[in-house]
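Novice: As annotated by TrEMBL, active site, tele-phosphohistidine intermediate applies to His8. Look at TrEMBL and you will find Glu86 tagged as active site, proton donor/acceptor. What TrEMBL records for Arg7, His8, Gly9, Glu10, Ser11, Thr12, Ser13, Asn14, Thr20, Gly21, Arg59, Lys97 is substrate binding site.
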Amino acid sequence: MHLYFIRHGESTSNYGDLITGQQDVPLTNLGRLQALAAGQTIAAQGITIDHIICSHLMRAHDTAKIIAKEIGFPEDKIQVNDLVIERSFGALEGQPKMNPAKLDDDLIKASGGELDPQIRERAQKLLDSLKGTTGNVLIVSHTGFGRRLRAVIEEIPTQYSHNFKNAHLTDLGEIR
C-alpha cells in the first residue's frame, strides 16, 4: 500500500491561533479552498486514491469530503476512524497558543491531555489495521497525529517529525 497524508484545511481555531486539540471546529472559507486545491493537486498528479480515512472531527471530515468530490471518490466510501483524531490537550483546548517550550508533557498531562507515546500507539494501531490493504490510501487528519504517524513509519523520535501545513499533500511512501 502507498500512504498519503493531508492535514485538514484551515479551521477557525487555526485562524484564531488557539489550541484546538479535539475540539470540533469548522473550516474557514480559506480552509475549504485549501481542501479543493488539495483535491486538484491529487488529480493533477494523476494519483488514484483507493481508500480515504479521516478523523470524525468536522475540519478533517469536511476536508476529506471536499477532496473526495474533487477526485471523483464516492463520499460514502470515506472511512471515519477515531485512531486518526487529533491529540487531546485536555483543559488547554480553546486557550490561546503558548510558547511550545511551556507546553510540555507535564502541563499536558496535568490538563488531562494525551502524551506522545499514546498518540504513537494510535499511529501504530492504524498501520497494523491497514496490513493487507492494497492501493493508495489517503489519511485526512491533523498535524499532531500526522507527526506521530510519520515518526512511527520512519522510526524516529517525534521531535524530528515536523508539522504539516494545512491541506498539503504529503507522500509517506510505500508501507509494508
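Any Cβ shown, glycine's included, is placed from N, Cα and C.
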Novice: Tell me which residues of the chain lie with their Cβ under 8 angstroms from that of Arg59 (substrate binding site), as long as they are six or more apart in sequence?
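Specialist: Counting only residues 6 or more apart in sequence, the Cβ neighbours of Arg59 (substrate binding site) under 8 Å are His8, Gly9, Ser11, Asp24, Val25, Pro26, Leu27, Gly31, His142.
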Novice: According to DSSP, folded down to helix, strand and coil, what is Thr20 (substrate binding site)?
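Specialist: Looking at the DSSP assignment, Thr20 (substrate binding site) belongs to neither helix nor strand, so coil.
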Novice: Between Thr20 (substrate binding site) and the residue listed as 'active site, proton donor/acceptor', how far is it from one CA atom to the other, in Å?
Specialist: 9
Novice: What's the longest C-alpha separation between any two of Arg7, His8, Gly9, Glu10, Ser11, Thr12, Ser13, Asn14, Thr20, Gly21, Arg59, Lys97, the listed substrate-binding residues, in angstrom?
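Specialist: The substrate-binding residues span at most 19 Å between Cα atoms.
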Novice: With H, G and I counted as helix, E and B as strand and the rest as coil, say where DSSP puts Ser13 (substrate binding site).
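Specialist: Note: Ser13 (substrate binding site) is helical by DSSP.
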Novice: Rounded to a whole number, how many Å is the Cα of Arg7 (substrate binding site) away from the Cα of the residue listed as 'active site, proton donor/acceptor'?
Specialist: 10
Novice: Express the distance between the Cα positions of Glu86 (active site, proton donor/acceptor) and Ser13 (substrate binding site) as a whole number of Å.
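Specialist: Approximately 13 Å lies between the Cα of Glu86 (active site, proton donor/acceptor) and that of Ser13 (substrate binding site).
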Novice: List the same-chain residues at least 6 positions away in sequence whose Cβ sits under 8 Å from the Cβ of Ser13 (substrate binding site), in sequence order, or say none.
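Specialist: For Ser13 (substrate binding site), the qualifying residues are Ile19, Thr20, Gln23, Val25, Gly94.
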Novice: With every protein chain in view, how many other Cβ atoms are within 10 Å of the Cβ of the residue listed as 'active site, proton donor/acceptor'?
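Specialist: Step by step: centre on the Cβ of the residue listed as 'active site, proton donor/acceptor', count other Cβ atoms within 10 Å, giving 24.
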Novice: Using DSSP reduced to three states, classify Arg59 (substrate binding site) as helix, strand or coil.
Specialist: helix
Novice: Which secondary structure state does DSSP assign to Glu86 (active site, proton donor/acceptor), in the simple three-class scheme?
Specialist: coil
Novice: Counting across all protein chains shown, how many other Cβ atoms sit within 10 Å of the Cβ of the residue listed as 'active site, tele-phosphohistidine intermediate'?
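Specialist: Taking every protein chain into account, the count is 31.
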